[in-house]
Amino acid sequence: MLSGAPWLGAGGDRSSMGGLVPLLFLASFLAHPMEVAGVFPTGMLEFKSTKGHTYCAAADFGPALPSQKNAPELLLVEPADPEKQNGCKLPLVLPPTLPLGLPFALFLARGTCSFESKAAAAQAVGASLLVIYNTEESLYANKTAATPQLDYECGNGQAFLSHVADPLWSPLNDIPACAQDPRCASRRCLVTNTTDPTTGNTEVCCAWDLYMTMGPDPAIETSLATLTIPTVFVTMRDAEAIHAAMLSSASNSGALVSPLVASAKQQQGTGLRVSVYERYRPDYNLASILLWLLGCFTVTYAAWNASRVGSWREKERAAAGREAGLMNGGDEGGEEGDEEEETPVIELSVGHTVGFIVMASSFLILLFYVNLNRVVSVLYALSAGSAVATIVAHPFLRRVLPRHMARASIFQYRRWDINITLLEFLSTGLGIGLGLWWFVVRASASYAWILQNIMGISLCILFLSLVRFPNIKVATILLSLAFLYDIFFVFLSPIFFQESVMIKVATGGAPRADETFCEKYPEDEKCRVRDMLPMLLVLPRINDYAGGFTMLGLGDIILPGLLVAFAARYDRAMGVKLFAFHKCGREGRYFRLMVIGYALGLLMANVAVYMMKMGQPALLYLVPATLGLFVLRAFKDGTLGEMWRGPPALQPPRLPHHQGGENREGERLTPGTSEELGFDGIGAGAGACAMPVEGHVRPGVSVGETAETGAGGIQERSV
């Protein structure tokens, strides 16, 4: 049996105050994580001649890059005029002996004109692709010195020159003390406007050499309709590798030759042949399917477990077991009975549902204006760690530790009736320790997502075992309000708050600085974003160069899970095996229907993410797929009114007129037991469907006799 969690307050308190803390945590679960895409080199430039490759970044203008299968093989050429290598001086002149009609890609240096104007010029001379490479010259941009942070970083490499070579981008200025610094990825150094006051030498610092996304030029009228060739950007280091490959491919033996020989080979159409295509990313990531399965499993198991925990019928069975143990001369409950405590259960009311939405909205708006994400992460680590202690550590240690050791008291305080056993101490320590471990490594360790999932699943299981719907009326109000809550804070909140409240809270918001600057200085104050809220299950994307995670909010498990658990409790109360697929009449199919509905709803949410290329509020799909199906099924079965008020089968027995009856043999019956109420239990035999009936046939009673429940207990009559 599950023990209470420390964040629940008074055990078993069903008042509104008893439900505030769980509802506050539930409110925080409704912040759905959305993803913010990063900037990556999305293209691959493959050297067909030398079997090498490098990455490239596709432009925002022009057509998209083709797939690897559809990418044409092109001859990579440079302009014949050395003074027009950047494509800014028109007209461009191609190698004169380039075979007519041979598809080719143009290789241009970054220069003073716009990227889009270069693409238009390349298209005008018949190029099928444009490759633009970064240069030191372009970083100076007609300046006498480079710009700090924008163009260079002295922390990555620094040196001083006694004499600055002309031009500024001369390789002579790339002195080894700077360019060969291990921190200098570009292996290039730029001249700054700083001099050493003692020696008068000029400072040079390591140049930035990053991929960039080339944007369109608003000054020219070129559109996607007129610009038909793709354009990609490569770094200085990439350009160095490409030039080396061009020289290598120009030699029949593969050895490097002079640039003049390479140019001659290029003119003959025997130079470097390349193929540029989009890097492979799966259309639908396998991680999304695995997370869908994980979400369905969590809801199914948590609902099944909730149908066992706190059930009055389970308590009756446990009491009968303890009584049998005493009659046999043993301890109460046998081996493990004394280790199990009554689980406090909170039944939600209409007031709870309204209070939940108010708290959830207030909490979300507070997080929108105030950065409390780290505080929430600490509280989550402690509460989820407590759930791990209850769901995982406690049952495991109870079976591993010897009974006398597990029950050994290590701390007592009789005034407050506190008695901590070794089992409780170890399980709590392991659970809280795992939560704190996750908090410390959550942003750095590659395995942090595993810890987070263990905590999240445990919290869902514990929550559904402690909080429940008493009827469909409460379920309808809560899920309908949560449905509207999701829609408003994801899609409509920008009307009132200038941006989506849910997206900002879930993702931490966008950096205040330019994305290129933040790529260089991710720790800068203007680039820091809030910690992402941790109330979610995550799986790393599989076979995706961009990395990232597929995520599912715990609120999308817990809220529909309350309804699935309600269905499981009802089916179990009707005496039906939840996982037995046999014909048992109309009862016993609500749980299976809810599991199927949840799976379909979550699948629809995943399909919507795939089609719309953006995160989706899953409750938008889960509420109709679960609550809608439940209401339709109950209406068809004629039990909607009963479900709306609260099924009698879920209420504990009330026997005001007697304290128990006698069975046929004259033995006194315990009030409220299965025998007195006409139950055989769950699954009376192979393939049996035990459920409450008025004329229940008991063993030992002939076919012509039935047992009835009356004011005087079990009575028998002939039929």
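One-based numbering along the chain as shown.
Just so you know, glycine gets a Cβ as well, placed from its N, Cα and C.
For reference, TrEMBL has these:
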SIGNAL    1-38  signal peptide
DOMAIN    108-143  domain 'PA'
TRANSMEM  284-304  transmembrane segment
REGION    320-342  region 'Disordered'
COMPBIAS  332-342  compositional bias 'Acidic residues'
TRANSMEM  354-372  transmembrane segment
TRANSMEM  378-397  transmembrane segment
TRANSMEM  418-440  transmembrane segment
TRANSMEM  446-467  transmembrane segment
TRANSMEM  474-497  transmembrane segment
TRANSMEM  545-570  transmembrane segment
TRANSMEM  590-612  transmembrane segment
TRANSMEM  618-635  transmembrane segment
REGION    646-674  region 'Disordered'
COMPBIAS  659-668  compositional bias 'Basic and acidic residues'
REGION    700-719  region 'Disordered'
Count the CB pairs under 8 A between the transmembrane segment (545-570) and each of 284-304, 474-497, 618-635, then give me the winner. 284-304
Kindly say whether the transmembrane segment (378-397) and the transmembrane segment (590-612) touch, using the definition of 3 or more Cβ pairs under 8 Å where each pair is 6 or more positions apart. no
Count, for each of 418-440, 446-467, 474-497, 590-612, 618-635, the Cβ pairs lying under 8 Å from the transmembrane segment (284-304), and report the range with the highest count. 590-612
Positions whose Cβ lies under 8 angstroms from the transmembrane segment (618-635), at least six residues beyond its ends: 32, 472, 475-476, 479-480, 482-483, 486-487, 552-553, 555-556, 559-560, 563-564, 567, 589-590, 593-594, 597-598, 600-602, 604-605, 608, 643
Between the transmembrane segment (590-612) and the transmembrane segment (354-372), are there three or more CB pairs that fall under 8 A, provided the residues in each pair are separated by 6 or more in sequence? no
Rounded mean pLDDT within the domain 'PA' (108-143) lands at 90
Please list the DSSP helix, strand and coil residue counts for the domain 'PA' (108-143). 15 helix, 7 strand, 14 coil
Going along the chain, which residues at least six beyond the ends of the transmembrane segment (446-467) come within the CB cut-off of under 8 Å? 2, 4-5, 8, 19, 22, 25-26, 294, 298-299, 301-303, 305-306, 309-310, 343-346, 348, 380-381, 383-385, 387-388, 390-392, 434-435, 437-438, 534-540, 549, 554, 557-558, 561-562, 565
